[in-house]
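Now, the feature entries from Swiss-Prot:
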- THR271, SER272, GLU273, GLU325, THR429: L-serine binding site (BINDING)
- ARG302, GLN303, GLU304, VAL318, GLU391, LEU392, VAL393, SER394: ATP binding site (BINDING)
Amino acid sequence: MVLDIDMFRTEKGGNPEIIRKSQQDRFKDPKLVDEVIELDEKWRKERFVADQLNRQKNAISKAIGEKMKKKEPQGTDDSVADDIVARLAELKIDELSQLTVVQLKKLRVLVDEKSVQTAAAVIANENARHEKLIQIGNLIHSSVVVSKDEANNKIERTFGDLSTKKKYSHVDLVVMVDGFDGERGTVVAGGRGYFLKGPLVFLEQAIIQLALQRLNVKGYVPLYTPFFMRKEVMQEVAQLSQFDDELYKVSSKGSEIAGDTSVDEKYLIATSEQPIAAYHRNEWIKETELPIKYAGVSTCFRQEVGSHGRDTRGIFRVHQFEKIEQFVLCSPNDNESWTLFDEMIGNAESYYQELQIPYQVVNIVSGELNNAAAKKFDLEAWFPGSGAYRELVSCSNCLDYQSRRLKVRYGQTKKLSGEVPFVHMLNATMCATTRVICAILENNQTEEGINVPTAIQQWMPENYRTFIPFVKPAPIDEDAKKATGKK
């Protein structure tokens with residue numbers, strides 16, 4: 001995930017000041033821009049010398065051939081003057097013609113040695129430049145609020161009654177319908193482990209079906225993704241911080257060959273956005289094939305490092321969950337990606353309106369954007385039992401930031417020269433099932449149980465078609481009784 005390097009080159013029409021401003025607006029170090037420019041200049045100088053040396057090697061070989069053809073004396077002394085060696089990459093043809101065959105052969109050896117050194121310098125500078133480049137975020141859209149404080153997220157619009165209060169939170173409700181076992185889940189899987197059971201298994205499948213059916217009508221192709229990604233591919237779609245805070249690493253045998261002791265590193269996906277972004281890796285996509293719309297279906301795995309103490313009970317924030325994701329590839333022209341951005345957040349809004357879940361859509365402040373997003377909208381549902389807004393959807397336009405590193409190019413033919421455009425990529429949650437379950441439970445609770453939203457009743461079994469009864473007491477009430485008893 002990177003910006004176009006030409007954006008840092010003024011002679012190529014780039015404007016580094018725009019990138020510095022974007023970095024400042026993200027509350028990130030703008031000095032990275034200057035470091036990229038410095039390393040790029042070093043890289044270009046070494047690249048120029050490497051090209052010169054390559055041409056010089058060909059010229060020397062040609063000069064040797066001509067002398068051999070003319071049967072000129074080859075000479076016995078291969079020593080070459082220091083001033084010639086110093087100008088190894090700049091020697092002219094007439095200077096080469098004055099040297100003997102053995103001198104030219106010595107010169108060719110020196111060119112080869114210098115080429116190896118220069119090639120190493122080219123690679124070193126390119127790698128150093130890349131390490132700095134990937135730390136610089138996408139250019140922020142002008143409509144993003146510049147702030148580091150999430151309290152300044154701009155509310156774009158709302159739906160439903162956002163003032164209602166209800167008795168129980170999702171933490172209690174999942175237990176009351178006997179749809180969750182966290183104690184056994186923790187024994188089996190560790191912290192935040194859980195078993196989903198009974199009515200909530202059916203509810204989860206109904207939520208998924210509604211999402212897939214609605215996206216299918218909109219032309220989104222369902223794509224069930226791998227759960228693992230190779231390290232080198234994951235590095236092209238994930239930020240460095242995600243490797244430490246979010247991603248699970250899995251080590252296994254490098255091959256199925258008996259006796260092979262090599263180790264293969266893979267990473268569990270945190271979202272289907274990651275494998276789908278890489279689905280067209282190293283491909284050229286014709287204009288007539290765009291936009292390409294996918295409905296990603298996957299289990300997601302997240303370490304949730306940094307979330308210690310947050311949402312430790314229930315199923316709102318867990319290490320493993322199911323998710324339906326919108327992912328779109330489109331033309332980089334005519335602001336098409338911004339039109340699709342509106343469509344994708346609109347798809348999510350329609351979905352939650354069908355489920356009658358109240359929400360607000362917020363424009364995320366600049367300091368809270370991930371590197372890839374030029375702009376991000378979150379859909380935050382109102383949880384009347386918790387008395388809080390909770391994020392259910394994130395919708396991001398990443399422009400060509402992801403596709404550039406993945407080399408997903410836009411066009412019909414492979415261009416040998418000139419600017420190569422890349423497709424734009426967008427992603428938006430449709431539903432992260434455990435979070436949607438929590439929202440449904442809190443918003444549809446009654447004294448006796450949970451009213452099932454009309455939109456998903458067709459996928460529920462007869463005994464839970466319209467209503468899921470409470471069959472266990474609320475943990476919060478049980479805790480209160482115990483506390484009273486102790487007194």
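Backbone N, Cα and C atoms are what each Cβ position is placed from, and that goes for glycine too.
As the structure is a computational prediction, the values presented were derived from the model and not from experiment.
Structural mapping of features recorded in Swiss-Prot.
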residue: THR271; record: L-serine binding site; DSSP (3 states): coil
residue: GLN303; record: ATP binding site; DSSP (3 states): coil
residue: VAL318; record: ATP binding site; DSSP (3 states): coil
residue: GLU391; record: ATP binding site; DSSP (3 states): strand
residue: THR429; record: L-serine binding site; DSSP (3 states): strand
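VAL393 (ATP binding site) has THR429 as its nearest neighbour among the binding-site residues THR271, SER272, GLU273, THR429, going by CA to CA distance. SER272 (L-serine binding site) sits 12 Å from ARG302 (ATP binding site), counting Cα to Cα. Taking the Cα of GLU325 (L-serine binding site) as the reference point, the closest of the binding-site residues GLN303, GLU304, VAL318, LEU392 is LEU392. Each of the binding-site residues GLN303, SER394, THR429 was scored by the number of other CB atoms within 10 A of its CB, and the lowest score belongs to GLN303. The closest partner of ARG302 (ATP binding site) among the binding-site residues, by CA position, is THR271; the full candidate set was THR271, GLU273, THR429.
The shortest Cα-Cα distance between GLU273 (L-serine binding site) and any of the binding-site residues GLU304, VAL318, GLU391, LEU392, SER394 is the one to SER394. The two recorded residues, LEU392 (ATP binding site) and THR271 (L-serine binding site), show a Cα separation of 14 Å. Highest Cβ count within 10 Å among the binding-site residues GLU273, GLU325: GLU273.
Taking the mean position of the Cβ atoms of THR271, SER272, GLU273, GLU325, THR429 as the L-serine site, the remaining residues of that chain whose Cβ falls within 8 Å of it are GLN274, ILE276, GLY296, SER298, CYS300, LYS323, ILE324, GLN326, PHE327, ASN427. A straight line from the CA of SER394 (ATP binding site) to the CA of THR271 (L-serine binding site) spans 12 Å. In the three-state DSSP scheme, GLU325 (L-serine binding site) falls into the strand class. Non-local contacts of GLU304 (ATP binding site) by the CB criterion (under 8 A, 6+ apart in sequence, same chain) comprise ARG192, GLU246, ARG317, VAL318, HIS319. If you draw a 10 Å sphere around the CB of VAL393 (ATP binding site), it holds 26 other CB atoms from the protein chains shown. Between GLU391 (ATP binding site) and THR271 (L-serine binding site), the C-alpha separation comes to 15 Å.
Considering only the residues assigned to L-serine binding, THR271, SER272, GLU273, GLU325, THR429, the longest pairwise Cα distance works out to 10 Å. Largest Cα-to-Cα span within the ATP-binding set ARG302, GLN303, GLU304, VAL318, GLU391, LEU392, VAL393, SER394: 19 Å.
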